[in-house]
Structure formats: C-alpha cells, structure tokens
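Features as listed in TrEMBL:
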| type | residues | note |
| --- | --- | --- |
| BINDING | His66, Asp104, His312, Glu316 | divalent metal cation binding site |
Amino acid sequence: MDLRELLPALNGFAALSLAEGWDNVGLLVEPSPPHSVSTLLLTNDLTEEVMEEAVQKKADLILSYHPPIFAPLKRVTWGGWKERLVVRALEHRIGIYSPHTAYDAAPRGVNTWLAKGLGACTSVPLHPSTAPSCPTEGTHRVEFSTDAEHLDAVLSKIKDIQDVSCLTTFPARVEGDEQTRVSLNCSQKALLEVMALLSQNSLLYHKTEILLLQKPLLPHTGMGRLCTLSEPVSLSDITERIKRHLKLPHIRLAMGVGRTRESPVKTVALCAGSGSSVLKGTEADLYLTGEMSHHDVLDAVANGISVILCEHSNTERGFLSELCDALAIHLQNKISIIVSEKDRDPLQV
C-alpha cells in the first residue's frame with residue numbers, strides 16, 4: 001500500500017482525534033513520496049535496537065506506540081539517540097507513525113486489553129472521550145430578543161467580533177410583542193465581548209440566555225477504565241491473574257490500609273502506562289497501572305485502595321500481538337505486519 005493510502009486506514013482503526021491534546025501522534029517521519037509500504041513493524045518503544053531490527057527485516061513503516069519524537073528537535077545529528085533514529089529512518093526510507101493516547105482511549109485499545117487480565121468484568125472509561133466534531137464551532141451559544149429599532153445596530157456590532165459564528169435571526173413573540181430572536185455561537189473569549197456589547201442595553205442584557213455547548217460522550221471510549229468484576233476475588237488471586245496476563249514473574253504491590261492478600265476485590269481502576277493523573281480520586285478496591293508517583297501511592301493506600309505496579313511499558317506491550325491481528329483484518333491483509341522481537345521494558349527485576 002502507498003503510505004498516503006495507508007495513513008487514513010490506520011487513522012480509521014483509532015482516530016487520532018482521541019489522543020490527548022499534549023500528545024504527539026500521527027506520522028512523525030515521512031520518506032519522500034511516493035512511499036510504498038509492504039512491511040509494518042509494531043513496537044511499544046522505538047529504540048536503536050528496534051530500529052536496527054526494522055532495517056534488517058526491511059520494514060517500510062514502524063508503528064511505535066510511544067512517540068520517539070516528543071520534545072521538539074533543534075537539530076538532527078548523530079549526537080543524540082533520538083536524532084539518530086530519524087537519520088536511520090530516512091536513510092533506509094522507513095516511516096514512523098505513533099498513535100499513543102489514541103490507542104489508550106480507543107474501545108479496542110490498550111486499556112481494554114489490559115482489563116482482559118482481570119477476568120469476567122464490565123468496564124467504563126474513567127475519563128470519557130467526546131465527539132470531536134460536535135459542535136463544530138464555538139463553546140457557547142448566546143440567544144436574545146430585540147425589536148426592529150435596535151436589530152441592525154446590534155447585528156452590525158456583533159459581526160465585528162472575532163470567533164462569532166452561526167449567527168441566525170428568526171421572528172419571535174415576546175410578551176405579546178413582535179420581536180426578532182438572535183442566536184449565535186462564540187468562543188469563550190468572544191463571549192465576554194458579546195456580553196459587554198449587550199450590557200449596553202439593559203433590556204437586551206437581562207433577557208439574554210447563554211448555553212454551554214457540550215460535546216456528546218463517545219461510548220466505551222476514553223482514558224482509563226473502571227472495571228467491576230462479575231464475582232469478587234481475593235487480592236492474591238487478582239495478582240496472579242494480572243501476572244499471567246502480562247507474562248510477568250514479579251509485580252509490585254502496595255496493600256491498602258486494613259487490607260490483606262485475602263481481602264475481596266470487586267472494583268479495579270486501571271490505566272496502562274503512567275496512571276497517577278488518570279486514577280487519582282477514583283473509588284475502587286484496587287489501582288492497576290505501570291507506574292505511579294510515590295506520594296500518589298501513599299494517598300491511595302491511606303484511603304484503603306491497594307495498588308499494583310507492573311512497570312510502565314509492561315502494561316502496554318502485550319497489546320501489540322492483539323493489535324497485529326486486528327490490523328491485519330482492518331487492512332485486509334494487504335501488507336505484512338510483524339511485532340518487534342527486540343522491544344522490551346528497560347527495567348528488570
């Protein structure tokens with residue numbers, strides 16, 4: 001497949017609009033077009049060892065879950081390892097694509113896969129995603145009624161305000177009088193200017209309505225998951241399930257105050273990778289994530305919540321095998337998809 005054809009297909013699997021605003025997702029390195037992709041290599045982290053593997057296996061595109069380019073690069077030289085990745089990729093005509101938090105939020109993404117290790121359960125996102133295109137413009141809707149005498153002057157001044165859209169008028173009867181109803185969408189900044197304008201006429205100002213335009217929530221989509229087990233199990237049992245699912249001989253466990261290894265676990269809040277900010281404040285019997293700050297662990301334990309930490313990428317990497325099969329179906333087996341054999345968590349016990 002040509003890269004320009006493949007990218008929309010990859011975005012169709014998990015829309016990049018689901019990614020967090022701070023993230024750096026999508027196509028990060030692009031060889032000069034046209035660029036044909038026959039082999040796609042999947043990796044959790046793009047290290048120099050994985051890049052050498054991609055070169056040896058003649059990969060045309062690397063899908064790296066974590067973006068290898070995050071902070072802006074001021075130069076591309078041989079001096080730094082991330083810069084060397086870019087040099088090697090372009091030398092060997094290998095593109096680099098990263099989905100990161102788009103795959104965290106997706107219904108068939110990393111967190112859904114992580115939840116499978118708990119056993120039979122139902123789950124909902126901790127922080128649901130919203131539809132990216134609804135509403136298409138503005139954060140607020142302002143509506144007010146005015147008489148014919150003031151209409152033209154008010155509309156003229158409103159049209160001079162930036163970030164005002166969807167300006168419409170229609171006849172309305174207010175307290176028995178024929179008036180014109182005005183409706184408009186605007187940004188948070190423009191709202192202040194619109195209200196300052198309307199405040200010049202007390203009759204307009206006191207009859208103005210402001211609506212907050214909220215985007216609809218997307219089902220089964222968002223950051224983290226709150227999982228409710230079909231049947232409660234002991235903390236000891238859930239620990240063994242997680243180790244089997246992640247294929248780990250060891251995990252780290254902090255037991256909540258008043259808890260023991262035989263304490264029942266019914267609800268689990270989880271977040272692949274680094275879960276402190278996503279899990280914070282959630283009521284659950286257990287937190288499951290890759291890493292958390294020391295003080296956030298102390299907070300959870302003090303609230304009677306046990307914490308299991310598995311190291312950052314250990315809670316993500318196993319998803320690649322499932323992703324390989326899912327992408328093969330999604331892309332109709334048009335390209336060869338392989339999972340890196342060199343990708344591994346840098347921390348070992």
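Don't overthink the numbers, they just go from 1 along the chain as shown.
Glycine is no exception: its Cβ is also placed from the backbone N, Cα and C atoms.
Neighbour density for Asp104 (divalent metal cation binding site): within 10 A of its CB lie 30 other CB atoms from the protein chains shown. With the fewest other C-beta atoms within 10 Å around its C-beta, His312 stands out among the binding-site residues His312, Glu316. The divalent metal cation site, placed at the center of the C-beta atoms of His66, Asp104, His312, Glu316, has further neighbours from the same chain whose C-beta lies within 8 angstroms: Asn44, Tyr65, His100, Val110, Ala272, Gly273, Ser274, Gly290, Ser313, Thr315. Sequence-distant contacts of His66 (divalent metal cation binding site), defined by Cβ-Cβ distance under 8 angstroms and a gap of at least six in the same chain, are Asn44, Asp45, Leu46, Ser98, His100, Ser313.
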